[in-house]
Amino acid sequence: MADVVVGIQWGDEGKGKIVDRIAKDYDFVVRYQGGHNAGHTIVHKGVKHSLHLMPSGVLYPKCKNIISSAVVVSIKDLCEEISAFEDLENRLFISDRAHVILPYHAKKDAFKEKSQNIGTTKKGIGPCYEDKMARSGIRMGDLLDDTILEEKLNAHFKAIEPFKEAYDLGEDYEKDLREYFKQYTPKIRPFIKDTTSMLIEANQKGAKILLEGAQGTLLDIDLGTYPFVTSSNTTSASACVSTGLNPKAINEVIGITKAYSTRVGNGPFPSEDATPMGDHLRTKGAEFGTTTKRPRRCGWLDLVALKYACALNGCTQLALMKLDVLDGIDAIKVCVAYERKGERLEAFPSDLKDCVPVYQTFKGWEKSVGVRKLDDLEPNAREYIRFIEKEVGVKIRLISTSPEREDTIFL
């Protein structure tokens, strides 16, 4: 059976810590979408690890880690991550169906961002997915055969010829790209496998599989705050599509949310706090992007968005992250509805324009940092947790009270 870990906000919820905390109980940990525009931050034995493509199970020697077919892969960045770990043989596998991000994709991304101003990381994620949908992309499996790779490269050079100047590719682009593959392909080849068959067989044999998403539900290309979204499907449903596991294989869906809200880049954010309180949350929560180092926009927990995300994903349990960031705040707000042009909205709309948050205020608490038992939390903190559970309709089974792996309350 497989369990899914999915972010139910705008990403950066703390999925890495949760996966790292529970990965030891699984045979496989699988990253099922996105690219190196997302980052997993894990603190292990006092050392901070920032992972962008590698599944969070790499810190456990007995865990097999898979990058599945819906992930788009920068082979340069993946090679750099691989070099930071030892003994990855037979522990890391990359789907032969996953698509390769080319340097061209990053150039195109930067060019388009000038006019669209979506707030992308300009890592080439979107353009790579564009080529995938246009059926013109290069897949990891193509790297296993030099003849096929050469054919794919020639087709790529022909297709981009009209855009070389616009995307500032340079006169030596063809030569440079061939050198690029020559440098990184030998390092990547040993890890490329038919991971779809591997996972189907593992599931049939009763292996325990953990499916790890990137970004968050509200950034989903179809169901998120379009056009300010990522280029992939971020909900739990995409875990099946990417891995080849059928929906019957899914057991638990663990939704990850912070005790407050954050967002990186542009786009609507009804519960954003533009006062010094937002700055306080950012500073105390160390809310800066793992990948870009950009400061995250911060605000109060949005239960309208949270209920929507839980319904989309079929969450069976929740993990509440960074409760300790709210320590010492006298009055804590929670968005319980929106108001738009005199109308109260309790369902998440497709367009958040003109939506104003309706808040309910709770008394704060002094300290929760480092607490590992529910009974040791102050009454006001427990009341806050119970309110979230009641409103969302999903039990909170895990509460994080610091970045350290051990500072976790299990319920």
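Glycine residues also receive a Cβ, built from the backbone N, Cα and C atoms like all the rest.
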Name the residue, out of GLN215, GLN317, that Swiss-Prot lists for the same IMP site as ASP12, GLU13, GLY14, LYS15, ASN37, ALA38, GLY39, HIS40, THR121, ARG135, THR230, ARG294, please.
GLN215
Counting other Cβ atoms within 10 Å of each Cβ, which of the recorded positions LYS17, HIS40, LYS293, ARG294, ARG296 scores lowest?
LYS293
Excluding near sequence neighbours, so keeping only residues 6 or more apart in the same chain, what lies with its CB under 8 A of THR401 (GTP binding site)?
LEU323, ASP324, SER368, VAL369, GLY370, VAL371, ARG372, ASP407, THR408, ILE409
Between C-alpha atoms, which of these recorded positions comes nearest to GLY11 (GTP binding site): HIS40, GLN215, PRO295, ARG296?
GLN215
Just to be sure I understand the packing, how many Cβ atoms besides its own are within 10 Å of the Cβ of PRO295 (substrate binding site)?
14
Considering Cα atoms only, can you say which of LYS17, THR292, PRO295, ARG296 is the nearest neighbour of ASN37 (IMP binding site) among these binding-site residues?
THR292
Cα-Cα distance maximum in Å, computed over every pair in ASP12, GLU13, GLY14, LYS15, ASN37, ALA38, GLY39, HIS40, THR121, ARG135, GLN215, THR230, ARG294 that the record assigns to IMP:
34
